[in-house]
Every structure is written in structure tokens, then in C-alpha cells.
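S.K.: My structure is below; once you've seen it, I'll send some questions.
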Amino acid sequence: MSPEEDTDTTVEPAPAAPAPAQEPERSGLPSWAIQGLVSLSAIVLALVVGAILIIVTDDQVKAAAGYFGAAPMDTFSAAASAVGDAYKALAVGALGGITPISESLTQATPLICGGLAVSLAFRTGLFNIGAQGQLIAGAILASYVGFAWHLPAGLHLIVAILAGLLGGALWGGVVGLLKARTGAHEVIVTIMLNYVAIYLLAWLLTTSTFRRPGRTDPISPIVDGNAQYPQFGGTRLHAGFILALLAAVFVWWLLNRSTVGFELRAVGANADASRTAGMSVGRAYIIAMVVAGALAGLAGTQQVLGTDLPLTDGVAASVGFDAITVALLGRGTPLGTVLAGLLFGALNAGGLQMQLITQTPLTLTTVLQAVIVLFVAAPALVRSIFRFLPKERGIGAVLAKGWNG
Amino acid sequence: MKKYVRGTAIVGVLTLAVAACGSKPTDSSSGGSSANKDFKACMVSDSGGFDDKSFNQTSYKGLQDAVKERGLTEVKAESKSDNDYTTNMTAMVSAKCNVIVAVGFKLEDATEKAARANPSIKFAIVDSAPDPTKGGPIANLKPLLFNTAQSSFQAGYLAAAMTKSGKVGTFGGLQIPTVTIFMDGFAQGVRYYNTQKSKNVQVLGWDDQKQKGLFTGDFEDKAKGQNNAQNLITQGADIVFPVAGPSGLGALQAAKASNGKVNAIWVDTDGCISAEEYCSVLMSSVEKGMDVAVKDAVISVVDNKFDNTQFTGTLQNGGTAIAPFHDFDSKIPADVKSELDTIKADIISGKITIESKVQPKAS
């Protein structure tokens with residue numbers, strides 16, 4: 001067991017997390033360690049799948065395979081160098097120096113906030129598919145305050161952030177309210193509100209209020225300098241990253257240290273039992289969705305106030321949807337979400353460098369992310385490949401139920 | 001055991017088969033014009049990606065053409081989202097590109113910033129011109145714009161002349177200027193036909209005066225394109241003009257399914273080449289010569305003849321045009337063809353003016 005224990009410490013470098021009470025498992029490993037091992041194995045497997053894709057699509061490998069019979073080693077060396085170069089570029093692009101690291105963190109910032117928005121709702125037993133819409137609502141308000149109002153330095157940024165939080169909270173709160181009052185299913189409502197937000201944004205960008213003066217394209221002005229997050233040095237990394245980490249701490253505190261959070265988790269675990277115990281289930285749904293929406297709105301402010309990005313129809317990119325996979329990979333815990341967000345941010349940033357240096361298509365990183373999540377969601381599959389992994393109770397059930405089993 | 005024997009046999013046969021064909025090529029394959037291998041021609045896509053069968057792809061073809069013709073080194077960076085523009089642009093600058101082509105107005109901010117910060121690198125941007133309120137033209141940035149309203153005007157006239165039902169239809173992807181410029185031109189071409197011939201051909205799907213019409217909401221979803229086209233067909237249109245990239249292919253499917261009752265006009269590229277399987281329903285296409293413009297811009301840098309004047313693709317310079325009629329060549333009456341030529345000449349001479357706010361301003 002000891003070599004595995006060693007690996008754990010490298011997997012989860014920050015055990016400051018709310019490590020759940022060590023249950024007596026058959027393997028003797030704490031459950032968070034097993035989860036970490038499964039996640040790490042999933043990443044390794046994803047890299048293997050990615051390597052196969054790189055090999056079969058690489059031109060030089062194809063050329064060498066054409067004369068495989070004459071010089072078989074050429075094919076293998078071409079394959080090895082194709083994979084080696086691509087992954088080296090990926091690693092260097094994500095971690096090789098100050099600029100790459102700052103790029104990774106910049107890319108991770110909205111993913112962390114969006115992931116927290118999904119995680120928090122999951123813990124309350126709600127599937128928040130609407131981070132995208134909440135993010136857009138936040139971005140709209142934050143960017144409007146950012147470019148239309150002109151306030152003194154400091155104050156302007158704070159007001160713009162608050163506007164973003166408000167936008168997201170409203171967009172999420174509607175869902176919680178509908179769920180609590182009418183029982184409308186949150187999955188359907190959030191998906192529909194995503195469309196409402198997307199088309200609202202598209203319409204707003206045709207109005208003269210939001211459109212950049214002198215332009216006919218659907219693009220807004222960039223926010224005032226006063227309303228932008230301070231950046232670190234010459235990099236694109238901005239103070240929004242700090243806010244993302246603070247948000248993670250806040251969510252941890254809310255869930256694990258506050259009375260409200262206890263109610264949220266109780267409702268998530270068993271709504272009927274919570275109602276019997278005298279808790280207001282509806283209140284819990286509303287609170288969870290308001291806070292989740294505000295977190296997604298925070299991600300929206302990071303898009304428009306952080307990275308010089310004007311409001312366009314693509315301002316949310318796919319952050320709101322990637323956030324769901326981040327939350328899945330992070331297993332609904334704040335620390336897990338932060339780590340998963342950092343991993344995805346690093347993959348995004350590294351992927352851009354990889355395509356520049358080795359011309360590997362950018363979609364490969366999307367495949368890597370998808371395969372990682374696929375394996376994380378199917379721990380039995382991972383275990384059948386890596387036989388040494390200890391058994392763990394109910395992870396599949398957790399993913400199916402939403403982390404409260 | 002049997003399994004293993006069979007497996008070995010298969011491997012053995014495969015090895016022989018593989019060994020029989022192909023031999024290692026010798027390394028002296030450095031033919032062609034490699035005089036400019038040090039010249040890096042670079043391109044950054046917008047979030048649509050280089051495989052969008054639309055303006056990214058066409059622009060990329062221009063880059064490839066230039067690279068092939070002059071033996072340059074090609075570097076391309078695809079953007080997965082709006083977040084990636086600045087990063088990709090910075091990466092291109094540090095990759096020591098000689099010329100960087102940005103595709104689409106969404107890259108404008110990133111491109112202008114990079115152009116101002118790196119005066120020694122030449123830039124070109126498709127479908128965008130520097131913001132007049134922010135200091136006007138930049139010495140090392142060449143805007144590439146296209147007045148596709150002119151060629152769409154011809155397409156509208158052609159459609160009006162060929163319709164049997166008296167109704168023609170159009171729809172767009174998103175209501176953005178690079179889309180509505182086609183629809184404006186089309187609608188006005190139809191109106192011009194009506195005034196010339198005292199007819200009353202109706203345009204469904206776009207009201208150029210109110211700037212309201214039918215849109216799929218994206219450029220990807222073929223099913224939405226098909227739905228929109230079907231909608232127009234149900235209302236009586238027998239010629240459709242989809243301005244929605246790959247989504248518009250759905251309209252061609254709908255046309256093909258009508259067994260000759262409904263025909264279409266394609267956009268951006270000659271549809272008989274880019275979407276060959278639908279050639280039988282395509283009367284013509286409105287070509288937007290992004291490939292030629294990009295190629296010329298890149299080559300001008302190679303030849304040290306770069307200038308920052310705005311390129312506006314027009315009927316006059318061939319930057320936009322209507323494509324050959326292909327299968328319809330025999331079905332379109334000769335007088336319609338000659339009228340189209342007259343219209344072209346009249347647009348070039350200014351005798352016909354097209355009213356569309358989204359036309360690129362003359363440089």
C-alpha cells in the first residue's frame with residue numbers, strides 16, 4: 001500500500017481540503033485519496049487516447065507507414081516524435097514559464113467560478129445546466145456598467161462586479177424560484193434560460209446602447225480602464241483569479257461551516273427527510289440557485305472586465321458548459337473544482353501552443369477533456385484497466401445522484 | 001491455441017503484404033521554390049475554426065495558395081473561443097511571422113493592438129476596418145472588405161427573372177452586417193427587376209427597409225436551414241438564397257427534394273464546386289473572393305509591395321462576382337444574361353446605386 005500512498009500525496013498536494021472523516025474502507029485509503037487516484041488514472045488514460053489520435057492523424061507517421069515493410073522503425077520513431085513533440089508543446093504551453101502559467105491561470109479563472117456554480121447547485125440536488133445563461137446575464141450587466149458609466153477608479157470596478165453578480169443571481173434565482181414555487185424542473189428551465197440569454201445578448205448587440213459607436217458589427221465597446229481587473233505585470237492574468245479562489249473558499253465555508261450550507265446539503269441528500277425535519281426545501285433551492293447564479297455571474301465579469309474582451313455573441317465561449325465537466329471532474333467539492341478548473345485551463349492554454357508548434361488540431365484538447373470526464377464518470381472502467389486501484393464505495397452512484405449519496 | 005495460430009498467420013500475411021508495397025523515399029525531396037522558406041505567413045481564425053466551410057476556410061485557402069505559389073512557411077492558429085484571440089495573436093508575433101492575417105471582425109481589437117505594438121510586422125484583417133473613432137488607419141494593417149451587395153443585387157435580379165411563382169426567398173445565419181449585406185443586395189435586385197419590367201416579384205424572408213427577416217440563429221445547424229427554406233417554400237418561394245454558411249446547405253437539401261420545383265443561389269463560393277452534390281439546383285452563386293484577397297495581401301508582403309489601403313472587393317475589381325451558371329447555363333435566357341451584364345456595368349459606373357448601410361465605405 002505504501003507506494004500508492006506516496007502517489008496520493010503528489011496527486012492531492014493540498015490536503016487542506018475538507019477531507020471527509022476517514023471511513024473504514026476495505027483498502028484502508030481515505031475516499032478522497034481514491035478519488036484522486038481515479039482522476040489521475042483517468043488523465044493518464046486520456047493522454048493515451050490522445051496519443052493514439054495524434055499518431056493516426058500525423059502526416060509524417062502516415063508517410064512512414066506507407067513504407068512500413070521497408071523500414072518499420074521509421075513508423076515507430078515518427079509516432080514517438082509526433083506524440084512527444086505534441087505533448088511537450090502542450091506541457092510547455094501550459095507550464096513552461098511565467099507567461100504560459102499566467103495564460104493557464106487566466107483560462108482557468110472563469111472555469112473555476114462556473115464550476116463552483118454547478119457544484120454548489122449539485123450539492124443541493126439541483127442540476128444547474130444554466131451556468132452559460134447566468135454567465136451571459138452577468139457579463140451583460142457588468143459590461144454595460146463598465147462602458148456606459150464613468151466612475152472613479154476602484155469604485156467603478158466594484159460596481160461593475162456587483163452588477164455582474166446581480167445579473168447572474170437574478171438569472172439563477174428565477175430558476176430557484178420557479179422550482180420552489182411551481183416545481184418546474186430546473187434542468188429544463190436552465191436550458192431554456194440559456195437560450196433566452198443567448199438571444200437577449202444577440203438582440204442587445206443590435207441596439208445602439210450596446211453597439212460600439214461607428215460600427216455595424218455586433219460588438220460592444222471595451223469597458224473603461226477603471227472598470228478592469230488589475231493585471232499582474234505584463235501578463236493577461238488579472239485579479240479575477242484571486243476572486244475565483246476566494247469564491248471557492250466561500251463556497252467551502254458556506255457548505256461546510258454555515259447553517260445555511262447544512263440545510264443545502266441536507267436538502268440535496270434527501271429533500272423529503274429535510275422537509276420532515278422542518279427545513280424549508282424551497283428556500284434552500286432559491287438560495288442555492290441565487291448563489292450559483294452569482295458565481296456564474298462572477299465568471300461573466302471575468303470575461304468582460306478581465307481579458308480585454310468586448311461583449312460579443314461569443315463572450316461566454318463554452319465556459320458555462322465546460323463548467324459542468326469541471327464540476328464533474330471536481331466531484332462537487334470546492335477544492336476539486338479549483339483543481340479541475342486549473343487542469344482544464346492548463347489544457348486550453350497548452351492546446352493553443354500545441355497547435356502553433358506542432359500544428360496539432362485544437363480539438364485534441366477538447367477530446368482530452370471529454371475522455372478524462374468519461375473515465376472519471378466510469379470508475380469501474382478505469383479500475384478494470386488499472387487493476388491496482390482500490391475499490392471505492394458508490395462513486396458511480398454519487399455521480400448519478402449528484403454527490404449526496 | 002487455435003486462436004493464436006490464426007492470429008500469427010494473419011500477422012504474417014499482413015507483414016508480407018506491407019513489406020511488398022512501398023519503399024522508403026530518399027531524402028532529397030526538397031524540390032520546388034524554397035527560396036522563401038524563411039518567410040512566415042500566418043493566420044488566426046475566429047471561433048468558427050478553419051473547417052467552417054465558410055469565410056475562415058475560404059480565407060485559409062488564400063493563405064495556402066500564397067504559401068504554395070511562393071514556397072513560404074505557413075503557420076496557422078485556430079481560435080476555439082473569443083478568449084483565444086489575444087493569445088493567438090501574441091503567439092504569432094512571438095513566432096516571428098512576417099505577415100499575420102486575422103479572419104473576422106471579432107479579431108479587430110486583438111489585431112489592432114498587435115499591429116500598433118509591432119510596426120515591423122504586416123497585418124491584414126478580413127471583414128473589418130480600423131475604427132475611425134480610434135485614430136483611423138494603421139500603417140501596417142490592411143483591411144480586406146467585400147461589397148457583396150453588388151453581386152447579390154445581380155443574384156436578386158436573376159432570381160426575379162427566373163421565378164415562376166412570383167416569390168423568391170432568402171434567410172440568414174445571424175443578423176450581422178456580413179450576412180445582411182447579401183440580403184440587402186438581393187432584395188434590391190428583385191425590386192430593380194420589378195421597376196424595370198413592371199412586375200411584382202415578392203421577396204420573402206427579408207425586408208431591407210425595415211431590416212427584419214428570417215434567420216437560423218447559427219451557421220452550423222443544417223436542420224434549421226432546411227426548416228427555414230421549407231418555410232419559404234411553403235409560402236410560395238421557388239428560388240431560395242440562403243446566407244447562412246453550412247446551415248444553408250439545408251436549404252439546398254430542401255431544394256433538391258422538391259424535384260426541380262425549387263432552385264437556389266449559393267453564397268461565398270461557387271456552390272457547384274464547394275457543394276458539388278447540389279449543383280443541379282444551383283442557378284448561380286454570389287462569390288466573395290476572400291481567398292484571392294488574402295493571397296494578394298500575403299504576396300504583396302513577400303514582394304515588398306505592401307500598403308495599408310483598404311481593399312474593397314467589388315464587381316469592378318472582381319473581388320466579388322456571380323459565379324457561372326453551370327447546369328442552368330442553357331435554361332437562363334440570353335436576354336437575362338445580357339441584362340445581368342448591363343447591371344454589372346451600371347453598378348460599376350454608378351448608374352445603379354445600392355442602398356445598404358452595411359456596405360463597406362469606400363477607402
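Counting starts with 1 at the first residue shown.
Each residue, glycine too, has its Cβ placed from N, Cα and C.
The region 'Disordered' annotation in TrEMBL covers A:1-27. The transmembrane segment annotation in TrEMBL covers A:32-56, A:126-147, A:153-175, A:187-205, A:237-255, A:284-305, A:337-356, A:362-382.
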S.K.: Can you see whether the transmembrane segment (A:284-305) and the transmembrane segment (A:126-147) are touching - at least 3 CB pairs under 8 angstroms, only pairs 6 or more apart in sequence?
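M.R.: The answer is yes, given that the two segments have at least 3 Cβ pairs within the 8 Å cut-off.
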S.K.: Do any residues of this chain, six or more beyond the ends of the transmembrane segment (A:126-147), have a C-beta under 8 angstroms from a C-beta of it, and if so which?
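M.R.: Beyond its ends, the transmembrane segment (A:126-147) has Cβ neighbours at 110, 114, 117-118, 120, 156, 159-161, 163-168, 170-172, 175-176, 179, 186-187, 189-191, 193-198, 200-201, 204, 209-210, 220-224, 227-228, 268, 285, 288-289, 292-294, 296-301, 303-305, 310-311, 315-316, 318-321, 323-324, 402.
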S.K.: Same-chain Cβ contacts of the transmembrane segment (A:187-205) under 8 Å, 6 or more residues past its ends?
M.R.: 127-130, 132-134, 136-137, 139-140, 171, 174-175, 178-179, 211, 218-220, 311-313, 315, 320
S.K.: Going along the chain, which residues at least six beyond the ends of the transmembrane segment (A:153-175) come within the CB cut-off of under 8 Å?
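M.R.: For the transmembrane segment (A:153-175), the sequence-distant neighbours (Cβ-Cβ under 8 Å, at least 6 residues beyond its ends) are 117, 128, 130, 133-146, 186, 189-190, 193, 197, 223-224, 226-229, 243, 286, 289-301, 304-305.
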S.K.: Should anything in the same chain at least six residues away from the transmembrane segment (A:337-356) have a Cβ under 8 Å from its Cβ atoms, list it; otherwise answer none.
M.R.: 43, 86, 89-95, 100, 103-109, 111-112, 115-116, 119, 244-245, 248, 322, 325-327, 329-330, 362, 364-365, 368-369, 372
